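Okay, so here's the structure we're looking at.
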Amino acid sequence: MISPSLELLHSGLCKFPEVEGKMTTFKEAVTFKDVAVVFTEEELGLLDPAQRKLYRDVMLENFRNLLSVGNQPFHQDTFHFLGKEKFWKMKTTSQREGNSGGKIQIEMETVPEAGPHEEWSCQQIWEQIASDLTRSQNSIRNSSQFFKEGDVPCQIEARLSISHVQQKPYRCNECKQSFSDVSVFDLHQQSHSGEKSHTCGECGKSFCYSPALHIHQRVHMGEKCYKCDVCGKEFNQSSHLQTHQRVHTGEKPFKCGQCGKGFHSRSALNVHCKLHTGEKPYNCEECGKAFIHDSQLQEHQRIHTGEKPFKCDICGKSFRVRSRLNRHSMVHTGEKPFRCDTCGKNFRQRSALNSHSMVHIEEKPYKCEQCGKGFICRRDFCKHQMVHTGEKPYNCKECGKTFRWSSCLLNHQQVHSGQKSFKCEECGKGFYTNSRRSSHQRSHNGEKPYNCEECGKDYKRRLDLEFHQRVHTGERPYNCKECGKSFGWASCLLKHQRLHSGEKPFKCEECGKRFTQSSQLHSHQTCHTGEKLYKCEQCEKGYNSKFNLDMHQRVHGGERPYNCKECGKSFGWASCLLKHQRLHSGEKPLKSGVWEEIYSEFTASFTSVSLCGRKAI
């Protein structure tokens, strides 16, 4: 493999005086300044860390070639990749046999590796160059006993600047930066008045020097010549591949000095360290929110602009962040690269695997101070707290409906657009979200992976299991402000509040009758059609709702999953348990007026079902 610096040399970005034979005669003395390329701090800031390292390597190689032009050029095959501790090692061998038969061997010191994401500033790069330049010059000076007069162009050695290692006497009047080498100082001064004459044809970005333009153009070319042997992922820079491979090996060489946490890259460590210092230097001009990293600010600003530059080629869905597009793409491919070692379950995201792992160790580090409920991850804890505060910060611009979470708003907005991007392969039914499609697919295969440890009941969705478990725990976090009644689920509270307000938003188009719940409307509509979709396999009795079928099947199975903690009596239905518990608590049912309204509505609905059933017969 040819080194990045040699690649630049071969592409014509950096050119040196041609060597004719064994010696080169210069009409004018060649200095390092003549072959160096300088970036301004602004231009250098546009390069990623790997490109900065490449720039540094090119500059180092410039003066190495300058030192060796009086001798045979060094061999390309003397470059060796050293892996973790050192990046490139170059042995520049110049051999000349004088009359004394002596041999000259000049070995440049190994350039230490910069971490794949280490931020090299202009000053650091040029100090490294100046330091290596001085070492190389001393090597020639120490080996001068092997040369005869005229063997090496004296002008080169004479014009190579000698660095002041301990001092920095050269100070820039523009930016007050100091330098130890006069050549580096001269080159730096050019950066303040540099004309940007090299323009990118793709995006119009301008640069002072052609090498900077060529490095930038690789972003548009999209060339990815470095491939991971483990997962096949491709990268356009070898340093990015090295960082990625640490994900597979688990290597985290960059440790935080305060908390000891390890990271794959130095840039990730630098971002983490700002958590300890509280530094957030990047501020949003729209809302004033501050961020640790500039990339976080750029992603946040897209919320204000509405920009979603990352589009899925399969379904056309757009995203603000590339990582979310990558995560979304796995929905179409079915890829789940993160596997739980305990139960073998696979996940699309490492964070989901980490959250799942806590299920096995039963650790719930985040506790709600109001209700005492524990949570595995902080995100779920923050979501839960909105239940108590009633906060709903996400508004639908179409209908004004508010939501606690952005994901719920996104799902709701698809109702207005009518877009159902997730199709069931079995029956072709469309769904707004992948989770709903996954839940639906379990109706085809009968899978119920979520099991209640109390009563052994199985559920298709985790949410259904969590709702069911509240029956056993007695948890009722949702309170009615009108009558003080508490409920286990927000949907039950909403339905109950309609009794106080008298709201009946669900209307039958056949007879005009209105209902407080959509399920009541669906059950009522079967009266007009006479349809009974749900059949009992044991007695073949038909029902117009699955709920009624489930209730009926308990008659055959003798199932009584609801137990009274006071006396141990068991019941087939939660409503029967609730009524029974009032005997122990002395709780009175709803006020007569409200109860009469519920009863009249129930009997009317029941009567209409019965009448329609008789007509169907």
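Each Cβ is built from the backbone N, Cα and C atoms, and glycine gets one as well.
What you see is a predicted model, and the numbers here were worked out from it, not measured in a lab.
Checked against Swiss-Prot, the range among 121-143, 144-166, 282-304 recorded as zinc finger is 282-304.
The stretch that Swiss-Prot tags with zinc finger, taken from the ranges 70-92, 93-115, 254-276, is 254-276. Per Swiss-Prot, the stretch carrying the note zinc finger among 10-32, 562-584 is 562-584. Below 8 angstroms of C-beta separation, residues 331, 411, 414-415, 460-461 of the same chain, each at least six residues beyond the ends of the zinc finger (422-444), sit close to that stretch.
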